[in-house]
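Per TrEMBL, domain 'G-protein coupled receptors family 1 profile' is recorded for 38-287. According to TrEMBL, the feature transmembrane segment maps to 20-48, 55-75, 95-115, 136-155, 201-223, 235-257, 269-289.
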C-alpha cells in the first residue's frame with residue numbers, strides 16, 4: 001500500500017544550465033524522431049510483408065515494439081519539461097513511467113539473448129533451423145520474454161509503491177528510475193536493493209553471459225566458412241551486434257549492481273542515456289536496416305504508400 005506524502009516529483013534533467021537546454025531539446029527530439037520512426041518502420045515492414053513472418057523477423061518485430069515503448073515512456077516527458085518551466089511529474093505518472101521502463105528493460109535483455117539463440121541455431125544448425133525454430137518455439141520464446149519482463153516490472157514497481165516519500169521530492173535524473181527513487185525514500189530500501197541486485201545478476205549478467213556464449217559458437221562456426229567474403233560479412237554482422245549488446249548490458253549492470261548510497265547521479269545520468277536513448281536508436285540500424293530482406297520489405301512499404 002502507498003504511504004507516500006509526496007504527490008509529485010521535481011525532475012532535474014540532464015543539466016541545470018539554461019544555455020544547454022535548447023541544444024539538449026534538439027538532440028532529444030532528434031533521438032526520439034529517429035528511434036520512433038526507425039522502429040515503427042520495422043514494425044510496419046514486418047507486419048505488411050508475409051515473407052518476413054519468420055522467427056528471426058518476429059523477434060526483430062518484438063524488439064522494435066519494446067524500443068518504441070522504452071523511448072516513448074521517457075523522451076516525450078523530457079521534451080515537455082525542457083519546453084516549460086514546470087519540471088514536475090505526478091506520483092502516478094512517475095510510477096507509470098517506472099513500470100513501462102522497467103518492463104522494456106527486462107524485455108530487451110531477454111530478447112537480445114533470444115535473438116542470439118536464434119542466430120546460433122541458424123548458423124550452427126542450418127539444416128535443422130526450421131525444425132527447431134518453428135512456430136511453437138517462437139511463441140514459447142516470446143511468452144517467456146513477456147512473462148519475465150512483466151514479472152520483473154511488477155516486482156520492482158510494487159516494492160517502490162511500498163516506500164514512503166516524505167522529504168525531498170527532487171529526482172536528480174531525467175526520468176523516474178529505481179536508483180534515484182530509492183535515494184529519496186524515507187523508509188528502508190534494503191529489500192528493494194536486494195531485489196534489484198538479484199534482477200541485475202540473473203537478467204543482466206545472466207543474459208549477457210548467455211548472449212556471449214551464443215556468439216562464441218557463432219564465431220566458431222564462421223571461422224569454418226571457406227570464402228573470405230562470407231567470413232567478412234559474418235564477422236561484420238556479429239561485431240556490430242556485440243557492440244550494441246555490450247553498450248546495453250554494461251551500463252545496466254553498472255547502474256543496478258550497486259547500493260543506493262553509492263549512486264553518483266551526475267555520472268549515472270550519462271550512463272543511463274546509453275541504455276535508454278542510444279540503444280533504441282541504434283537497434284533499427286544494426287539489426288534491421290543492414291539486412292537485405294528488411295531493405296526489400298521497407299521498399300515494398302514505400303511502394304505501397306506511393307500508390
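Just so you know, glycine gets a Cβ as well, placed from its N, Cα and C.
Bear in mind that TrEMBL entries carry predicted annotations, made automatically and left uncurated.
By the Cβ criterion (under 8 Å, sequence separation of 6 or more), the transmembrane segment (201-223) is not in contact with the transmembrane segment (20-48), since fewer than 3 such pairs are found. Summed and averaged per residue, pLDDT over the domain 'G-protein coupled receptors family 1 profile' (38-287) gives 88. In this chain, the transmembrane segment (269-289) lies close to the transmembrane segment (20-48): three or more C-beta pairs between them fall below 8 angstroms, excluding pairs fewer than 6 positions apart. Taking every recorded stretch in 20-48, 95-115, 235-257 and counting its Cβ pairs under 8 Å to the transmembrane segment (136-155), the highest total belongs to 95-115.
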